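Asks: Can you keep this structure in mind? I'll have questions shortly.
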Amino acid sequence: MTEAPLGLLAELTHRCPLHCPYCSNPIELVQRADELDTATWQRVFDEGRELGVLQVHLSGGEPLARPDLPQLLAHASGLGCYTNLVTSGLGLTAERLADLVERGLDHVQLSVQDSDPGNANLIAGVKGYDRKLAAAALIKDAELPLTVNAVLHKANLDNIGGIIELAERMGADRLELANTQYYGWALRNRAALLPTREQLAAAGPVVQQAKQRLDGRMEIVYVVADYHEANPKPCMYGWGARQLTVAPNGDVLPCPAASVITTLPVQNVRRSSLAEIWYDSETFNAYRGTEWMREPCRSCPRKEIDFGGCRCQAFQLTGDAAATDPVCTLSPDHGLVQDILGAEIIPVRPELAMRRSV
Ligand code: SF4
Ligand code: FES
């Protein structure tokens, strides 16, 4: 039986002051004119809550770019949902934050690019380092729980110890150290972002030591570099299992990257209700559960653990979203990943294609 979703990732806009080359937003960004209006977002939250959603993640792009963010947040909070603002911190002022807190903001996730200010600004494509420190101070002053998120790649992995110290200085309650996943802009920049095995081997013990040292003070979540692993990640804990994503134009996706799977019909809140999309649509049912699996997944003891890996990655690398994720060493397509690692882990860093503005 299909369970109700727990979380709704609301990508309010693709507009963003940063240009991170690892952005998982699609290459074809949604234009401002195509964004859902305030009333439609509020209807989406109503439908999400009716469906069972308990957590609303207000994300983007940069959600602070939406002038109606306070109304949207108040609406989600008024429905009884836990609200999380996923932000770069740029554009956050004491006044705006106080207003959001007043309207029910529960948690903030703040991105950082590096502990080295020059490198951080280079990766972000904008001078944002100091403004992020200021944003963190505002969030702590407001006594909100703070998660710091750092996406890791070749250009910052060597500074992982510094990034952990930066999160400590910011007063983070939780730190997500997430090796880059290759979708959207990150896929375009893969050769520039893929870390070396040596970098990953050096980072592991740093994270382990920090976890022990900071136990009880700051939770550290380390997301491994999946191309280098033997087993794929349990992407989204299964397709259409726990969370749905609504893109700025109202497209409803089983995961933030799913628009890359061009063989599935596009679902949109302007045409269907969230309940219809979640329970009945071809898109959400395509890879739910384990019935859709072929060998080697079908008879594999790990199929309820990793769900065959990531459907978007399978499609991107093989052209078939029902294929076993090629990261898996049992996949007949595993050689594709080995070839990528062999060809693209190079000592020089090719020029980064910075994410465009909308
Ligand atoms: Fe996971 Fe499929 Fe690989 Fe088994 S064969 S480990 S279920 S991806
Ligand atoms: Fe889409 Fe993994 S990112 S299923």
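Yeah, the Cβs are placed from backbone N, Cα and C, and that goes for glycine too.
Those TrEMBL annotations? Automatic predictions, nothing curated.
It should be emphasised that the depicted structure is a prediction, and the values quoted were computed from it without experimental measurement.
For reference, TrEMBL lists these features for the protein:
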DOMAIN    2-217  domain 'Radical SAM core'
BINDING   Cys16, Cys20, Cys23  [4Fe-4S] cluster binding site
Asks: List the residues of the same chain that sit at least 6 positions away from Cys20 ([4Fe-4S] cluster binding site) in sequence and have their Cβ under 8 Å from its Cβ, in sequence order, or write 'none'.
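Replies: Counting only residues 6 or more apart in sequence, the Cβ neighbours of Cys20 ([4Fe-4S] cluster binding site) under 8 Å are Ser111, Gln113, Ile123, Ala124, Gly125, Val151, Trp185, Met354, Arg355.
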Asks: Output, ordered by sequence, the same-chain residues six or more apart from Cys16 ([4Fe-4S] cluster binding site) with a CB under 8 Å from its CB, or 'none'.
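Replies: Non-local contacts for Cys16 ([4Fe-4S] cluster binding site): Cys23, Gly60, Gly61, Glu62, Ala65, Ser88, Arg355, Ser357, Val358.
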Asks: Which whole-number mean pLDDT does the model give the domain 'Radical SAM core' (2-217)?
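Replies: When the pLDDT values over the domain 'Radical SAM core' (2-217) are averaged, the result is 96.
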Asks: Quick check: which same-chain residues outside Cys16, Cys20, Cys23 lie with their CB within 8 A of the centre of the [4Fe-4S] cluster site CB atoms?
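Replies: Those within range, site residues removed, are Leu18, His19, Tyr22, Asn25, Gly61, Ser88, Ala124, Trp185, Arg355.
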Asks: Among all the protein chains here, how many other CB atoms are within 10 A of the CB of Cys23 ([4Fe-4S] cluster binding site)?
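Replies: Result for Cys23 ([4Fe-4S] cluster binding site): 23 other Cβ atoms within 10 Å.
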